[in-house]
Amino acid sequence: MDVRMPRMDGIAATRELSAAAPASRILMLTTFEDDDYVFGALHAGASGFLLKRTRPERLIEAIHTIAAGESLLSPSVTRTVIDRMARQPVPDPAAGRRLRDLTPRERDVLELVARGLSNQEIAAALVVEESTVKSHVKRILAKLALRDRVQAVILAYETGLVHPGG
């Protein structure tokens, strides 16, 4: 699948195909090695990402590899993935233990706060009153000994509860 196609881009097509047929294996083949395309395709469900300059025999091997259920990236794309992963903070196990004090609902609220949702948006997503969300946020801050939502968001990322782009 190419990233750029008429009518629908390859990332959107990959997302739709993966949703409709979860067992499908999709190999992106493109001239673009832009980070947004790479990570967009992988998040959409692509099993591999190769550049069109790949030799034909290597492309055939890649198709067999992907069809066998494995994943495959071009070397330059692999470097991009490694570089991004190296820049991400490593989850702090001690901070993760702090989350154990939260109820499952409080963890849900914390995750949505970390994703940038307002109290009103969280209430709509969880089908509760906004005042209930405010109560959950207050309890989260108290249980985790945090001053504000910003500290809660940082903790959510540090513990791996939420991941960038996810």
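Quick reminder: no glycine exception, Cβ is built from N, Cα and C everywhere.
No curator has checked TrEMBL annotations; they are predicted automatically.
Under the heading domain 'Response regulatory', TrEMBL lists 1-67. The 4-aspartylphosphate annotation in TrEMBL covers ASP2. Under the heading domain 'HTH luxR-type', TrEMBL lists 95-160.
Reduced to three states, the DSSP call for ASP2 (4-aspartylphosphate) is coil. As a summary of secondary structure, the domain 'HTH luxR-type' (95-160) carries 48 helix, 0 strand, 18 coil according to DSSP.
Taking all protein chains in view, 13 other C-beta atoms sit within 10 angstroms of the C-beta of ASP2 (4-aspartylphosphate). In the predicted model, the domain 'Response regulatory' (1-67) has a mean pLDDT of 87.
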